[in-house]
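Q: The structure under discussion is supplied below as structure tokens; questions concerning it will follow.
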Amino acid sequence: MASHTRRRILQGAALAAAGSVVGGYGGGHYAAAAQAATGRAADGGELPFLEGALAPVTEELTAFDLTVTGRVPRDLDGRYLRTGPNALGLEDPRAHHWMLGDGMVHGVRLRGGRAEWYRNRWVRSSGVARKLGETYPGRVPPDDFACNTHVIPYKGRIVALQEGGPLPYELDGELGTVRPYDFRRTLKGAFTAHTKYDAAADELHAVTYYPTWDHVRHLVVDGTGRVARTTRIPVADAPMMHDFALTRKYVVIVDVPITFDPAAADAGAPVPYVWNERHPMRVGVVPRSGGAARWFEIDPVYYSHTLNAYDQGHEVVVEYTSMPAPFHAAGRGSGGPSATGAPTLDRWTIDLRGGRVRGTRLDDLPQEFPRVNESLVSRRHRFGYTASAAEMWRAYETVDGVPPDEKFTNCLVKHDMARGTKEVHRFPKGAAASEPVFVPRRGARDEDDGYVLSYVNDPDRGATDLVVLSAQDFTGRPQARIQLPGRVPLGFHGSWVADR
Ligand SMILES: [Fe+2]
């Protein structure tokens, strides 16, 4: 029997704005509350990134012995964690940008065939601590922010990540914030949300950017957990680099035409990065061991997320999700990004001998959040996993008036790159399936011998389930649906943090 304790932490008039634009998923309370906050009809899509499946939650919950449909595999011993923006205490919801919502991590502890607990916790930056009436311990780091983009295991720790400036935050096993994390005092300046961990080399790679830099940095964190090498790669216009790719030999830098705009920053734009027609789109290939980038100019596209990359003779292969140009990091009034089309799964084959990049559309089903068996990062893979959530894309496309793609449904997808086929696990309307994370079965030998974990809303229950699929029976009935006591808003990225 599920039991949980609720800790209501939003209180007081100062937080009324935040409290009034959030609410239960699919609940009638939500519509009335949103109206109160905006003075407009809640169904008008005025604040799409604060509504419906994207609406922040208002409470930190702790629940034990979660109800399970099916069986939790006994070899899943660890924590499934996923983070995302969850705005707290908004004074002006209409001035808010989705990507700047305070990071909240949602976690489920699995052990011995049981779902022991669920917790959701804001990352305690100085700003979050202040809004919660708590004391921030220690000195506040520069560019402090409640990291909202990724949460990863690293060297026995749990680390929440953000790009473009803020230090990572270390979390404890119950999602409490420990302290800013700077790789044993070796990280100087900005970090990233999308690292690549090469398990065979025991190296954590990052490509970092900062608005005032005239370069981006490739960082290698070695097996001792220290930033062992930094390579500065000159770039013009201070571009935003959300993700990159890694092979055994190369780092692939993606120089997209989304660049820092000082005028927008001066005007107070929450995300002062704009689509810059004058900035050429380039892909840079840098030797992992250091050295200069070799650049390839290509047609503009928004490079969103890397599935994986690998070397293939004299070629570098990168599989990724992208969106058509132009892509606006700060949509014109939407409170989040906006795009002119849906994301697709694509491949670049970079011919280092011939000096060309060949693009291939792998799948035009709108999809995002590509993941691979993490043990194969930088090595050739066969399988990839993605998510499709109509709810997120509707928010993106309201700005440009482009109707949501009918194909952008609710599903998880398993791709077989060797066969060029896919399997689709569908969920009902309103499911808002989030990033699928592959976890190998204990003793697995095959690449896809394991589980795919994802938070999926149950609209009937008005709450979210942690869904566990068998990766080798992808379209079959889930092995387990673990009922969480609340809703997990559609967010960003996460990880399986194994206990052993
Ligand atoms: Fe991302």
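Cβ coordinates are placed from backbone N, Cα and C, and glycine is handled just like the others.
Just so you know, TrEMBL annotations are computer predictions that nobody has curated.
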Q: Per TrEMBL, which of His194, His381, His415, His425 sits in the Fe cation site along with His242, His305, His493?
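A: Within the candidate list, TrEMBL flags His194.
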Q: With a radius of 8 angstroms around the mean position of the C-beta atoms of His194, His242, His305, His493, what other residues of the same chain does the Fe cation site pick up?
A: Thr149, His150, Ala193, Asp243, Ser304, Thr306, Phe492
Q: Output, ordered by sequence, the same-chain residues six or more apart from His194 (Fe cation binding site) with a CB under 8 Å from its CB, or 'none'.
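A: Correct list: Thr149, His150, Leu161, Glu163, Ala206, His242, Asp243, Phe244, His305, Thr306, His493.
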Q: Just counting, how many other CB atoms are there within 10 A of the CB of His242 (Fe cation binding site)?
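A: Taking all protein chains shown, His242 (Fe cation binding site) has 22 Cβ neighbours within 10 Å.
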